[in-house]
Amino acid sequence: MLHHVKLIYATKSRKLVGKKIVLAIPGSIAAVECVKLARELIRHGAEVHAVMSENATKIIHPYAMEFATGNPVVTEITGFIEHVELAGEHENKADLVLVCPATANTISKIACGIDDTPVTTVVTTAFAHTPIMIAPAMHSTMYDHPIVKENIEKLKKLGVEFIEPRFEEGKAKVASIEEIVYRVIRKLHPKSLEGKRVLVTAGATREYIDPIRYITNASSGKMGVAIAEEAEFRGAEVTLIRTKSSVPSFVENQIEVETVEEMLEAIESELKGKKYDVVVLAAAVSDFRVKNKADVKIKSGQPLVLELEPTPKIIDRVKELQPGVFLVGFKAETGLSEEELISAARKQIERAGSDLVVANTLKAFGSEENEVVLVGRDFAKKLPRMTKRELAERLWDEIEKML
């Protein structure tokens, strides 16, 4: 591995360590994003090899991809049978072929089994035994062409996974680098939670004082989103109930809510409608709401007294609806010692029937890191300070042991 690649290798996560990815680049102007994409895949531990069509080399120079990946770039198929070396059926073959950004021309060629460029030849070689993902990029009128749509559907039926484009400015623009990386990790990650159904909440609720002002808290939703995405990486069928103020997520099935009442209704609807294996309540839910919300904006410039009332305790409803579900609660407190924090978590276990409580002292609200104590009925395990992504991994490791 070249030195400049070592400097970024697995610096964001180790999700793709040991995975060999062929980045197959057709001749789209969006190919200019491929340097960043390759580097981001490497930051998660991937070994990336670029294959370029002749038209792609007219948009970005092969040297750019050679720098980005730290590997020789395939721009033609020679006597070294590069397509077989990269994607043939052997022990050192690629784990994934990612066609990005895929033009209408390339998609249609792949659908028809035509392999007249290095890109299409590699895909044809890999098709029978290697996962293939395609990220389209073209003008929207081309994407809407009935034959192009037919070819996309044909490939989907054959097991090819498409990363849907963003529709902006009359174009079907290639998906964001963040979404592509997320989908690649989801595709290649070990599926230890396959067959499990998981419900996760994330973000801060809002309780309105008048039509524009509300009571909320400093939660960003990062912890809940990380937990939901980690579960999806591990193969679970995930439903993420996320507040409007939460950071965004790439989880496939999401429900957006705003108030405690809306969140409770969404949770009850899910638990009444289907059986869940795990429920993780990571949202920062308001404990109080205004008893009499104003219908119009309250005028400023004068003292204001608000009468508050408690909101429903969402966690208390979960086991009433599904007694057998594995319930993970969060307990955030200030000014408590570690022993007092553990005691508060155990009270939640007794009251709500939580199987595991993630207890912390609110120091990490809105930040990228967290320091928590995992509390069960008969154990308490303090974890060192770590990123919320790392904590999500540790949490699911613990849950899997307890299921």
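Yeah, the Cβs are placed from backbone N, Cα and C, and that goes for glycine too.
Over in Swiss-Prot, the protein carries these features:
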REGION    1-197  region 'Phosphopantothenoylcysteine decarboxylase'
REGION    198-403  region 'Phosphopantothenate--cysteine ligase'
BINDING   D287, K297, F330  CTP binding site
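Where Swiss-Prot records a feature, it is marked here on the structure.
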residue : record           : Cβ contacts under 8 Å, 6 or more apart
D287    : CTP binding site : P310, T311
K297    : CTP binding site : D210, P211, I212, R213
F330    : CTP binding site : M223, L281, A282, V357, V358, A359, N360
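Under the three-state DSSP scheme, F330 (CTP binding site) falls in the strand class. Summarising the CTP site geometry, the residues cited as binding it (D287, K297, F330) extend over a maximum Cα to Cα distance of 34 Å. Mapped onto three states, the DSSP output places D287 (CTP binding site) in coil.
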